[in-house]
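Beneath this line is the structure, given in structure tokens, with notes to follow.
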Amino acid sequence: MRLHTFFFDYGPIAGASIFYDLFGLSFDGNSIWSKLLSILLVLYQVVLINRMSSFNNLSYYNSLFPGVFYVLILSLIPDIHPLSSVLVGNTFIILALFQMFQTIHRNQRSKRLFNAGFFASIAVFFDLNFIYLAPFFIFAANAIILVRFRDILLYVLGFLAPPYFLLAYWRLSRKTQAGRDYIAVQIDFFQYEFIYQNYGIIKAGIIGALVLFLLVVFNTVVTRTNIFVRNKLTFLFYMMLFAVVVFALTFHTRLEDIQLIILPLGILMGLYTVSIKKINIAESLHLLLLILVMLFQYFLN
């Protein structure tokens with residue numbers, strides 16, 4: 001699914017990333033090494049997603065479908081840079097999700113909430129648009145646990161740890177004002193130039209259609225599960241809906257920002273496919289997405 005990256009000319013990474021700018025990373029998208037690194041990164045994300053699904057019993061049996069469908073839907077948009085800051089940031093969002101799902105165990109709740117906040121904050125370092133997910137994680141955690149003030153405090157402490165060290169670095173290197181100016185420049189709402197480029201509106205429309213499809217069939221995903229798994233699936237569902245709103249409000253929206261939606265969407269689509277009783281229907285859905293992927297990768301680019 002990711003071999004198409006070797007046939008595209010991407011150039012350097014566009015968009016705002018504190019981490020990339022801090023270390024002067026641009027990752028020329030035409031470099032063979034950056035494309036290989038991208039494949040390894042996506043493979044790692046697939047392993048994390050499937051491990052999270054198996055560890056939390058999100059599907060009826062151990063299946064690779066959650067990770068496979070994540071890559072499948074991600075590959076619908078081949079013009080996303082192989083090492084997009086949003087793609088890398090999604091790795092830490094997956095880690096934050098894993099930690100959040102484990103808060104159901106009382107004896108681990110404190111460290112899990114701190115870790116979830118920490119990983120969510122690291123994601124913001126890669127792309128500023130992840131800042132929207134910071135309040136979402138702790139408020140939507142009510143779908144999994146009864147959130148208390150102590151839980152909020154631990155999450156906030158975890159989230160503030162990375163920015164504290166960044167501010168300390170800026171202070172010591174006398175770059176505080178430059179850092180503030182850098183962040184202020186990135187705030188630019190309601191810019192959607194991507195819809196006029198490379199079938200951008202069609203690609204975004206397909207993602208939107210899949211979201212609407214899940215709105216209709218979501219009950220079939222959760223009805224055959226126990227209450228604890230149902231709560232985690234509901235969290236993912238809320239995350240997908242929230243990501244749709246975030247995509248509309250991102251700082252100078254780019255097509256690659258749609259990966260905010262693709263992460264929960266891909267996982268839920270994979271879980272839905274596993275839940276389909278008729279194998280022919282599941283295979284047809286898989287085949288349809290595969291055909292769309294091939295069309296966008298090699299014919300409609």
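Keep in mind that glycine also has a Cβ here, set from the backbone N, Cα and C atoms.
What TrEMBL says about a protein is an automatic prediction, not a curated fact.
What you see is a predicted model, and the numbers here were worked out from it, not measured in a lab.
The feature transmembrane segment is assigned by TrEMBL to 7-26 (among others).
Positions annotated as transmembrane segment by TrEMBL: 32-49 (among others).
Only residues 6 or more beyond the boundaries of the transmembrane segment (58-77), in the same chain, are considered here, and those with a CB under 8 A from a CB of the stretch are 1-2, 4, 42, 45-47, 49-50, 52, 87, 203, 206-207, 210, 224, 229, 232-233, 255-256, 258-259, 262-263, 265-267, 269-271, 273-275, 286, 289-290, 292-293, 296-297. What TrEMBL lists as transmembrane segment is 58-77 (among others).
Taken from TrEMBL, the feature transmembrane segment applies to 83-101 (among others).
Among the features that TrEMBL reports, transmembrane segment is placed at 113-146 (among others).
Among the features that TrEMBL reports, transmembrane segment is placed at 152-170 (among others). Long-range contacts of the transmembrane segment (152-170) within the same chain: residues 18, 22, 110, 113-118, 120-122, 124-125, 134, 137-138, 141, 176, 178-179, each at least 6 residues beyond the stretch ends and with a Cβ under 8 Å from a Cβ of the stretch.
Annotation source TrEMBL lists transmembrane segment at 201-221 (among others).
Residues annotated as transmembrane segment in TrEMBL: 233-251 (among others).
Among the features that TrEMBL reports, transmembrane segment is placed at 258-275 (among others). Sequence-distant contacts of the transmembrane segment (258-275) (same chain, six or more residues past either end, CB-CB distance under 8 Å): 49, 53, 58-61, 63, 65-74, 77, 80, 84, 86-87, 90, 93-94, 129-130, 133, 203-204, 207, 210-211, 214, 217-218, 220-221, 224, 233, 236-237, 239-240, 243-244, 246-247, 250, 282, 285-286.
Residues or ranges marked as transmembrane segment in TrEMBL: 281-300 (among others). Non-local neighbours of the transmembrane segment (281-300) in the same chain are 1, 4, 7, 69, 72-73, 75-78, 199, 202-203, 206, 273-274; each lies 6+ residues outside the stretch with a CB under 8 Å from one of its CB atoms.
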Practice task
Name the range, of those listed as 32-49, 83-101, 113-146, 201-221, that has the largest tally of Cβ pairs under 8 Å with the transmembrane segment (233-251).
Solution key: 113-146
